[in-house]
Ligand SMILES: Nc1ncnc2c1ncn2[C@@H]1O[C@H](COP(=O)(O)OP(=O)(O)OP(=O)(O)O)[C@@H](O)[C@H]1O
Ligand SMILES: [Mg+2]
């Protein structure tokens with residue numbers, strides 16, 4: 001019972017220390033400033049995501065050949081994998097203007113009506129964080145997507161009338177980090193859904209070489225591989241680590257990045273060979289050293305590292321789980337053998353607690 005102590009509600013915001021986390025996949029201020037310069041401009045320049053790229057290429061080519069507006073596109077995937085980038089590429093490939101807005105920015109159906117009614121024919125409407133749109137706006141969007149029409153409601157109460165408004169054909173590109181939160185009627189109205197995957201190290205190496213060229217930094221193959229391995233499968237993180245390594249190289253090594261420089265720089269920034277940062281290692285370290293690998297409850301683990309439960313659960317754990325270093329079991333958090341190996345520790349031999357936790361004592 002109460003194994004992960006989900007009953008206790010602590011809604012404390014996470015501390016400011018986490019805002020400048022180097023391995024956070026969300027964009028920070030500096031990212032936003034430089035990302036525009038690093039964004040690939042067309043499908044050929046867009047690295048990886050072979051399946052999405054190939055399918056999208058067909059959708060866009062076919063639309064172009066028909067002289068028609070492309071079908072609505074939904075892009076889903078974790079932060080920093082290239083959803084915004086791809087939406088801009090869609091507009092560029094269709095030779096169409098793009099209007100950018102986001103779910104949270106659309107509070108009322110009227111906000112959406114204003115945007116929709118001002119679209120040009122063939123324009124791409126990029127709706128970021130589409131899962132966070134308000135309900136009434138969402139319902140208006142259904143009709144707009146399907147029939148290129150909206151009903152503008154004038155007046156209130158029994159006297160209210162709906163005035164139909166024809167819209168020019170447009171392409172909606174929706175992006176979401178939480179595809180599961182989209183209501184099925186909305187999901188069904190997209191002609192094409194692209195699921196963005198985490199990138200393979202070799203793909204991230206290509207991203208890094210490309211960005212290094214644009215930033216005018218020298219880097220060799222080993223240097224790029226070293227950064228790629230620590231980038232958590234995410235181009236945004238790869239670009240951010242590259243910028244920090246560049247700083248280090250400028251100050252300490254005449255600007256050229258090789259494996260040694262990359263590793264030394266990322267040691268300074270406490271990003272380890274697998275992309276774990278100080279917080280990740282603290283969580284893993286406590287689990288192994290204080291609790292013999294678990295199982296241990298989330299609250300206990302959080303207290304042990306001096307962080308909020310939410311921080312441990314939402315900031316540190318997802319990547320540890322993804323990497324197969326930590327498992328969430330009904331009896332608590334458990335370290336995997338890979339976790340012991342990664343921190344260079346030897347698991348207790350007799351009655352390994354982790355095993356008991358996983359399979360029941
Ligand atoms: N396939 C790719 N090839 C090269 N660079 C990429 C690729 N995907 C993403 N990037 C780079 O990563 C950065 C982040 O990408 P982008 O902003 O498109 O992510 P996102 O999925 O929209 O993230 P969020 O969910 O936070 O909005 C961009 O600056 C871009 O340069
Ligand atoms: Mg984005």
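Quick reminder: no glycine exception, Cβ is built from N, Cα and C everywhere.
Here is what TrEMBL records for this protein:
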BINDING   38, 39, 80, 83, 84, 85, 146, 147, 148, 189, 199, 236  ATP binding site
BINDING   84  Mg(2+) binding site
BINDING   309, 328, 333  DNA binding site
COMPBIAS  1-12  compositional bias 'Acidic residues'
DOMAIN    69-202  domain 'AAA+ ATPase'
REGION    1-21  region 'Disordered'
REGION    19-199  region 'Large ATPase domain (RuvB-L)'
REGION    200-270  region 'Small ATPAse domain (RuvB-S)'
REGION    273-361  region 'Head domain (RuvB-H)'
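Under 6 Å, Cβ to nearest atom of ligand 1: this is the test, and of the binding-site residues 38, 80, 84, 148 it is passed by 38, 80, 84. A Cβ distance below 6 Å to any atom of ligand 2 is met, among the binding-site residues 80, 84, 146, 309, 333, by 84.
Under DSSP, the residues of the domain 'AAA+ ATPase' (69-202) split into helix, strand and coil as follows: 51 helix, 36 strand, 47 coil.
On its own chain, residue 148 (ATP binding site) has 166, 167, 168, 169, 170 as residues at least 6 apart in sequence with a Cβ closer than 8 Å to its own Cβ. Cα of residue 38 (ATP binding site) to Cα of residue 328 (DNA binding site): a span of 37 Å. Rounded to the nearest whole angstrom, the C-alpha distance between residue 146 (ATP binding site) and residue 328 (DNA binding site) is 42. Counting in whole angstrom, residue 309 (DNA binding site) lies 29 from residue 199 (ATP binding site) by their C-alpha atoms. Taking the Cα atom of each, residue 333 (DNA binding site) and residue 84 (ATP binding site) are about 35 angstrom apart. Mean per-residue pLDDT, taken over the domain 'AAA+ ATPase' (69-202), amounts to 93. Secondary structure of the region 'Head domain (RuvB-H)' (273-361) per DSSP, as helix, strand and coil residue counts: 47 helix, 9 strand, 33 coil.
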